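Over in TrEMBL, the protein carries these features:
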DOMAIN    8-415  domain 'TRAP C4-dicarboxylate transport system permease DctM subunit'
TRANSMEM  6-34  transmembrane segment
TRANSMEM  46-68  transmembrane segment
TRANSMEM  88-121  transmembrane segment
TRANSMEM  155-187  transmembrane segment
TRANSMEM  208-233  transmembrane segment
TRANSMEM  239-255  transmembrane segment
TRANSMEM  267-291  transmembrane segment
TRANSMEM  311-328  transmembrane segment
TRANSMEM  333-351  transmembrane segment
TRANSMEM  357-383  transmembrane segment
TRANSMEM  395-416  transmembrane segment
Amino acid sequence: MPLVVLSMSFVLFLLLAVPVAFAIAMAILSYLVYDGRFAADILIQRSIAGVNSFPMLALPLFILVGYLMELGSTPRLMRFANSFLRPLPGGLAVANVGASAFFGAVSGSGVATIAAVGGVMGPEMVRNGYSKGYATAVMAASGGLGILIPPSVPLIIFGLIGGVSIGALFLASLVPGILVAVLLSATAMIVARQEGYGGGGTLDFREIAVSFTSAIPPLLLPVVILGGILGGYFTSTEAAAVGAVYALLLAGLLYREVTVAKMQDILVRTVLTSSVILIIIATSSALAWVITINQVPSMVAAWMQGITDSPVVSILLIQAFFLILGVFMETMAIIIITTPIFLPVAIALGFDPLVYGVVLIMNLIVGSMTPPLAVGIYTAARVIGAKPVEANRYLVRFIIPLLLASLIVLFVPSIATTLPRALGL
């Protein structure tokens, strides 16, 4: 019964539009009052313990890296992607996917990727005759690469909550991220042919060389971060700090983009974004404690075994649940709330936590594109002044490659595990 009180309270507060962090906290208080075994201050103790750790510093630092890379690096990455992808059928859309992949490798945020890349590529697509609905769907789908290709803020949160190596998660998501980028590019070209959108000229090898040279400094950021972690030179948190210094040097010394006003804005946005996420993590840590003492993962595992004896069917049911949940909830909240429940179940079913984490992110990208919440679609539509409903006729065609990629990784887990295991992570 106490768990019923917890669940019903949480749902009630969400329906009342209470922010997720406070909905969790008040639901836990309702549970504690009803249960009567623990003092209410256990909520504060568990919440503080959840964020009072050195690895947690990686979160605000990687968010800072993403904001700093918007100063000067974004246009150079987009110019490089545009130089060799634009001549393809639907070239501007394919270039948007490529630029999003590059920007995702330096930002770690889906919404930031849509806003930064789509803010330039989206209007360009519309000016070249692409429909706003098509451009919106492309931007929303490719923006998901920002949370899949390392360094990824959602993967960092999953690693911190689930106790999974962040360095291993970064490596595990690398090949799946490339797979998604390739499938989205192929889809963009197929749909472009169907809609009659041509390419954007011929290859200019001089432009490719020049744009690549200018893009080398920002492209080196993920190399520095992953190389340092894999080489044992620094931890994930130290890698985030090194990345922040590198990004600041790029923006300030190389590109001369840093001003006092811009730096103040970046720091304020970093604090606000980090605070929201950390508050949710703090209250979710208390929720994880409640889940653990009530043996909820064991109960869920037993319930699923009652439905099916097949581990594959069980994990597919879990992923289907995430697809549905992603339609109604924000990505960070889903990761933080569900990881303590379902990760132990997945491990008990014999699935690698790295594969689980990568496939989870892939499914949440689909959720970010699906109404009614559809954060990715609404962000992309706002960037180019489109109506979100205009993207509906293209949504299914861009969701299919994302689902296909998640199934490939799920049934061929070596795609995600080979790199980290080969390097001993």
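Glycine too: its Cβ is placed from the backbone N, Cα and C atoms.
Listed as Cβ neighbours of the transmembrane segment (267-291) (distance under 8 Å, sequence separation of 6 or more from its ends, same chain) are residues 6, 20-22, 24-25, 27-28, 31, 42-43, 46-51, 56, 59-60, 63-64, 67, 153, 157, 160-161, 297, 332-333, 336-337, 340-341.
Counting Cβ pairs under 8 Å that are 6 or more residues apart, the transmembrane segment (239-255) and the transmembrane segment (311-328) reach fewer than 3 and are not in contact.
Within its own chain, the transmembrane segment (6-34) is flanked in space by residues 40, 42-43, 47, 276, 279-280, 282-284, 286-287, 290, 329-330, 333, 337, which lie at least six positions past its ends and keep a Cβ under 8 Å from the stretch.
For the transmembrane segment (357-383), the most Cβ-contacting stretch among 46-68, 88-121, 333-351, 395-416 is 395-416 (pairs under 8 Å). Two recorded stretches are said to be in contact when at least 3 C-beta pairs lie under 8 angstroms, sequence spacing 6 or more; the transmembrane segment (88-121) and the transmembrane segment (208-233) meet this definition. Within the chain, the transmembrane segment (46-68) has long-range Cβ neighbours (under 8 A, six or more residues past its boundaries) at 25, 106-109, 112, 151, 153, 156-157, 160, 166, 221, 235-237, 239-241, 243-244, 247-248, 250-251, 266-267, 269-271, 273-274, 277-278, 281-286, 288-289.
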